[in-house]
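Remarks on the structure that follows.
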Amino acid sequence: MKTKKERIFRGIPVAPGFAQGPAFLYQPYLPDVKEEILKPEQTDEEVKRFYNAIQTVEQELRRLYQQVQKEMGRDFAEFIDVQLTLLTDEEVLSRTERFIRENLRNAEFAYNQTLKQLTLSGKGMQLSFFRERFADMADVSARVLSVLLGDNLPSIFSLKPGSVLVAHQLPPSEAALIDPEKVAGIVLEAGGKTSHTAIMAKAKEIPAIVGADAILKQVNEYDLILVDGYRGLAIVNPTSNRLRTYEAEIKRYQRRRASLRALVEEEPVTLDGKMIDLSANVEFLMEARIAKQNGARGVGLFRTEYLYLARRRPPTEDEQYEIFREVAELFKPFPVIIRTFDLGGDKVIPGYSEANPFLGWRAIRFCLDDILLFKNQLRAILRASTAGNVKIMFPMVASIEELRRAKLLVEEVKKELKKEGAAFDDGTEIGVMVETPAAAILAHQFARESRFLSIGSNDLTQYTLAVDRGNERVAKLFNHLHPAVLRLIKNTIEAAHSQGVWVGMCGEFGADPLGVVLLLGMGVDEISVVPGLIPETKQIIRAVDTAAAAEIAEQALNLSTALEVERLLQRELHRRFPRLSRVVFKVTGAGGE
């Protein structure tokens, strides 16, 4: 029997871990839409057939909404609400009906042509929305066409337990139903870190990579695949040597996971007795629940952009309030820090584009220009503050004027709520994300007018080093261990402490074991990471003495390059914390800011 050749595909790791299993190939639905000419007397029946298909799909989506809401929470189910809106869009329906009647053509052809015309047309607000929701629109149209044509849609339900799911891209409605009991790993040709599939994989702790170019052409059904969710590798038909190497690594990984689970009930306390508030970065209710199970002491960063981006419209005050209230109640008495909308940059504002979004209209700048949207969110946060553990955090603040304007709006909202008789916590704390060199340099001034500071190391590194972290040509220059970044972090911590204000870290710096040691040495009070990294980070905290870490940090601050810093840390960890050095390995994907 001929041995199959090993092939290695490189992609972007979006959910850490290791998996191996037979390949299940998810092939996209390609409807065979034929053009048929009708007689005039047939059009009424054809229009009726079209609307019956719409009704059938609407019922399917409503059932799916209930299922996803139950499993994942109402916030994640919002994309189905978007699909329902797309499905029942008046312009699409009326144009399709008109096409059937005027051109005497069959429903599937008319519907397909209508969508093509709307997508290619340069007119109307519908265009920008359809383009921004292309994956959702493709999902909806596939459902409608499958009903009209009598086809069965491809489904992941038929895969065998322990399979590795391989696809070009998963429709959002399929991604929402990924079952970790069946799917061992995921490999996609397309997609990004914020795709539905990536979010689901992280939330359900399924090792996954995206960007594995052309893998579908070179893998067969049931081929054995190894998924390395740390390095971003998909290894098809691995050699026996490769299997032995990975099987040993997977066993070590599983033993490590088991030992980390035993730490859930332990406190994140350093060897010399300093308590560190170890909290979670979350975006969905399901992530918050996982964080709670993993021992998080609150939420250090609750991203709220998805509440906006998942809808066709901005979320209402009540929709936001219900989600904020649920997370706050879940974590009582530990704090829940809700970051106001950080739209712009890589989180594109629907219907708006600009040449340099990371330096443009984003985050607090956007919110201060859209006062109604901003105040609605502030109302929702303040109403949820009755839980007693809610804090407000403003992103990308670069000037004291921006902070003062935002705080004035908070006071305005408080007055409105008092007038309406609505309950809220008048002592709700307000903090600032330190994400720009300007904010880090002026940390002393920001600390005087805030109750806490939280360092967003991803953007801080990007702006300090003038490196676009999404540009593969310069991405290798992006390194949060650069001494310039370290000095800004140290300055922020010292400035805040001089004003009696605590400081947190919610970027990838806090998910790097070497970074954790530096943070402890620089005196950080709180570290916030994705739910899955809480046990690992706790293990590192519990193995470090802050006095020794402070000596290491002092040396690092006087070095000239990131490589020198990394070598120093590796050497000193081995010398001072030998037990820790055996388990430290480079971890990426903190999911922070």
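First residue shown is number 1, and so on along the chain.
The backbone N, Cα and C atoms fix where each Cβ goes, glycine too.
Over in TrEMBL, the protein carries these features:
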| type | residues | note |
| --- | --- | --- |
| DOMAIN | 10-133 | domain 'Phosphotransferase system enzyme I N-terminal' |
| COILED | 47-74 | coiled coil |
| ACT_SITE | HIS196 | active site, tele-phosphohistidine intermediate |
| BINDING | ARG303, ARG339, ASN458, ASP459, ARG469 | phosphoenolpyruvate binding site |
| COILED | 396-423 | coiled coil |
| BINDING | GLU435, ASP459 | Mg(2+) binding site |
| ACT_SITE | CYS506 | active site, proton donor |
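Annotated features, which come from TrEMBL, shown on the structure.
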residue : record                                          : DSSP class
HIS196  : active site, tele-phosphohistidine intermediate : helix
ARG303  : phosphoenolpyruvate binding site                : coil
ARG339  : phosphoenolpyruvate binding site                : strand
GLU435  : Mg(2+) binding site                             : coil
ASN458  : phosphoenolpyruvate binding site                : helix
CYS506  : active site, proton donor                       : coil
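With respect to ARG303 (phosphoenolpyruvate binding site), the closest of these recorded positions in Cα terms is CYS506, chosen from HIS196, GLU435, CYS506. Using GLU435 (Mg(2+) binding site) as the reference Cα, a 10 A cut-off selects ASN458, ASP459 from the recorded positions HIS196, ARG339, ASN458, ASP459.
Candidates HIS196, ARG339, ASN458, ASP459 (recorded positions) were compared with the residue listed as 'active site, proton donor'; those inside 10 Å Cα-Cα are ASN458. Long-range contacts of the coiled coil (396-423) within the same chain, counting only residues at least 6 positions beyond its ends with a Cβ under 8 Å from a Cβ of the stretch, are 340, 342, 362-365, 367-368, 371, 374-375, 378-379, 382-383, 386, 430, 432-433, 435-436, 438-439, 442, 445-446, 449-450, 459.
The Cβ of ARG339 (phosphoenolpyruvate binding site) lies under 8 Å from the Cβ of LEU301, PHE302, ARG303, THR304, MET393, PHE394, PRO395, MET433, each of these being in the same chain and 6 or more residues away along the sequence. Each of the binding-site residues GLU435, ASP459 was scored by the other Cβ atoms within 10 Å of its Cβ; the lowest score goes to ASP459. Every protein chain shown contributes to the tally, and the Cβ of ARG303 (phosphoenolpyruvate binding site) ends up with 22 other Cβ atoms within 10 Å. Broken down by DSSP into helix, strand and coil, the domain 'Phosphotransferase system enzyme I N-terminal' (10-133) contains 79 helix, 16 strand, 29 coil. Sequence-distant contacts of HIS196 (active site, tele-phosphohistidine intermediate), defined as residues of its own chain at least six apart whose C-beta falls under 8 angstroms from its C-beta, comprise PHE79, ALA135, LEU170, PRO172, ALA175, ALA176. The recorded positions considered are ASN458, CYS506; of these, ASN458 has the fewest other C-beta atoms within 10 angstroms of its C-beta.
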